[in-house]
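Taken straight from TrEMBL:
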{"type": "COMPBIAS", "residues": "1-16", "note": "compositional bias 'Gly residues'"}
{"type": "DOMAIN", "residues": "539-661", "note": "domain 'STAS'"}
{"type": "REGION", "residues": "1-30", "note": "region 'Disordered'"}
{"type": "TRANSMEM", "residues": "135-154", "note": "transmembrane segment"}
{"type": "TRANSMEM", "residues": "188-212", "note": "transmembrane segment"}
{"type": "TRANSMEM", "residues": "218-235", "note": "transmembrane segment"}
{"type": "TRANSMEM", "residues": "269-286", "note": "transmembrane segment"}
{"type": "TRANSMEM", "residues": "298-319", "note": "transmembrane segment"}
{"type": "TRANSMEM", "residues": "390-409", "note": "transmembrane segment"}
{"type": "TRANSMEM", "residues": "430-448", "note": "transmembrane segment"}
{"type": "TRANSMEM", "residues": "454-476", "note": "transmembrane segment"}
{"type": "TRANSMEM", "residues": "483-511", "note": "transmembrane segment"}
Amino acid sequence: MVGMRGAYGGGGGGHSNGNESRPLGGAAAAAPMTTTSTEIASMAVHKVAPPPPRSTASKMKARVKETFFPDDPFRGFKGQPLGTQWLMAVKYLFPILDWLPGYSLSLFKSDLISGLTIASLAIPQGISYAKLASLPPIIGLYSSFVPPMVYAVLGSSRDLAVGPVSIASLVMGSMLRDAVSPSGEPLLFLQLAFTSTLFAGVVQASLGILRLGFIIDFLSRATLVGFMAGAAIIVSLQQLKALLGITHFTTQMGLVPVMASVFHHTKEWSWQTILMGVCFLLFLLAARHVSMRWPKLFWVSACAPLASVIISTLLVFLFKAQNHGISIIGQLKCGLNRPSWDKLLFDPTYLGLTMKTGLITGILSLTEGIAVGRTFASLKDYQVDGNKEMMAIGLMNVVGSCTSCYVTTGAFSRSAVNHNAGCKTAMSNVVMALTVMVTLLFLMPLFVYTPNVVLGAIIIAAVIGLIDFPAVYQIWKMDKMDFLVCVCAFAGVIFISVQEGLAIAVGLSVFRVLMQVTRPKMTVQGKIMGTDIYRDLHQYKEAQRVPGILILAIEAPINFANSNYLNERIKRWIEEENSTQNKQTELHFVILDLSAVPAIDTSGIAFLIDIKKSIEKRDLELVLVNPTGEVMEKIQRANVPQNHFRSDCLYLTTGEAVASLSALAKMTKP
């Protein structure tokens, strides 16, 4: 067949070197099978065009731009005077300058209401999440004052409400407790928390400045759903210490040690604590259900935590419940954030721990903050710049680490309340921060009698929403492999530890991506009768094989990771085709559809050359269909020393290739 094809090419006017395809086209499909070679040659209409020539520098520039600047943030700068460009640059770095000049009283009224509403949620949550991280409760309030002020200046989201979150608190507390006891060495533990927050902020800001936000995309949706559900259960189990009134409780995070600790200390259970905890937990869950059932009553669940704190504090004060087994917060000092840059610890003994903790908590909080910001931005139809958000969240954590704060980000519960309360700008964060400031200055003595059991109930009610059963069911229905990743993340968190569970899930997700790269999808195509369309035989039952021609389509980039697999798989398909074909439909041609191959490297080109030689040894011929720009460019370069892929081996469409090859096979049949 190879010799016959060469003779035919010469008879049709010879081959042209370079990338012009042989004068054969889709018109041959309709030609009678008695058409001569000269007539077929005269019907050529389409060619495989090479891409426009570009220098290596211009291609590298385009690739870097698409990798690091896919949103083209500076497109508005083009054609503007220098002064205007400087003003736009300042507004880009400080988004508050974009909306503050046009701020009005009507906007402030909306932001005031939403700010006061989220403050009522932020105060009890700040105290609760600080205890979850094994930090003094006052640190949670500090973290709800300075970071929101910083975000209001630097952030681009109108709805994001900033403060401590349960997941970052849980992870930081669990990782630091492995090395230092928060009760035995409270000052050292606090230093490690501030230092970890600094590293978290540096990581977050660096990702934004270096435009490396795509790294957080390795946390797939399935990973996050499973991780969040597992973390919610672990967080809830940790609150059994407060709900049951247990004094001696395990520091481990796994399901088994926690439950073992609960039942090994049944003598420490306090019925007064249990009664109060169950009552307030039911109250909080009922308020949450009301707000979910009737969205206009969002303020019910928003105000329920603060109402619980006030009511429980009054009950403890009136009945002296602290003398009857009810554990209380105790005295909290009044005053604003104290500087903590002198508490940052860079001791080599703990440097690795703080860097690791900062990296993990930074990535997790960044992922949550950006996801929440984009969610509410889509509801209001405005744009949130992901890289700008990374810089804003990172810088507010860097500042926070120097002002007695730990890791903060945009919390989903608070942001949902902020959105439903009708916030218009980031000024709602300022209102919330000022409300927390008033609390820090004047109201701290009121929290002396606040029972720890109510804080535990607030945490449980907040994290229950992290268990997303509909999302798990949807993942199960859509993709069983993603469901496996989700389950592994969930099981790893509750049975091993938070960070190991997350690592397992991320590892499985990356492994799946590697499998898709190293084992790309290939399909055998056939013709849908009555059309000139060629589709996957497995997917389209009406598609039929073309006698004497094997049509294969590759649906992935061809590179060093998958070239050997593709080589072996194509050879196996040829063997299977030859074993099933009879003498009347003997295999003569192999068509390789490259339409879905966006890129190819030198190993991929070597694969195409090798498979071509291997096919020719079997007395067959390889034809390439619709190589894309980059692929065609490298085929051109491979042709320079030796003309591996002549122009008559390249077709624009599968239909034209089949029409031409079918006519050729008919003509040369004895």
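Using the three backbone atoms N, Cα and C, a Cβ is placed for every residue, glycine included.
Distant neighbours of the transmembrane segment (135-154): 93-96, 122-123, 125-129, 160-164, 173, 182, 186, 189-190, 193, 329, 332-333, 336-337, 388, 391-393, 395-397, 399-400, 403-406, 408, 410, 426-427, 429-430, 432-433, 436-437, 439-440, 444, 447; these residues of the same chain sit at least 6 beyond its ends, with a Cβ under 8 Å from one of its Cβ atoms. Looking at which of 188-212, 454-476, 483-511 has the most CB pairs under 8 Å to the transmembrane segment (269-286), the answer is the stretch 454-476. The transmembrane segment (218-235) shares more Cβ pairs under 8 Å with 483-511 than with any other stretch in the list 188-212, 298-319, 454-476, 483-511. Long-range contacts of the transmembrane segment (454-476) within the same chain, counting only residues at least 6 positions beyond its ends with a Cβ under 8 Å from a Cβ of the stretch, are 124-125, 127-129, 131-132, 166-167, 221-222, 225-226, 228-229, 231-233, 235-236, 239, 241-243, 276-277, 280-281, 284-285, 288, 304-305, 308-309, 312, 329, 412-413, 482-483, 486. Averaged across the domain 'STAS' (539-661), the predicted model reaches a pLDDT of 88. Residues 111-112, 114-116, 118-119, 122-123, 126-127, 137-138, 141-142, 144-146, 148-149, 152, 161, 309, 313, 328-337 of the same chain, all 6+ positions outside the transmembrane segment (430-448), place their C-beta atoms under 8 angstroms from a C-beta of that stretch. For the domain 'STAS' (539-661), the number of residues in each DSSP class (helix H, G, I; strand E, B; coil) is 58 helix, 23 strand, 42 coil.
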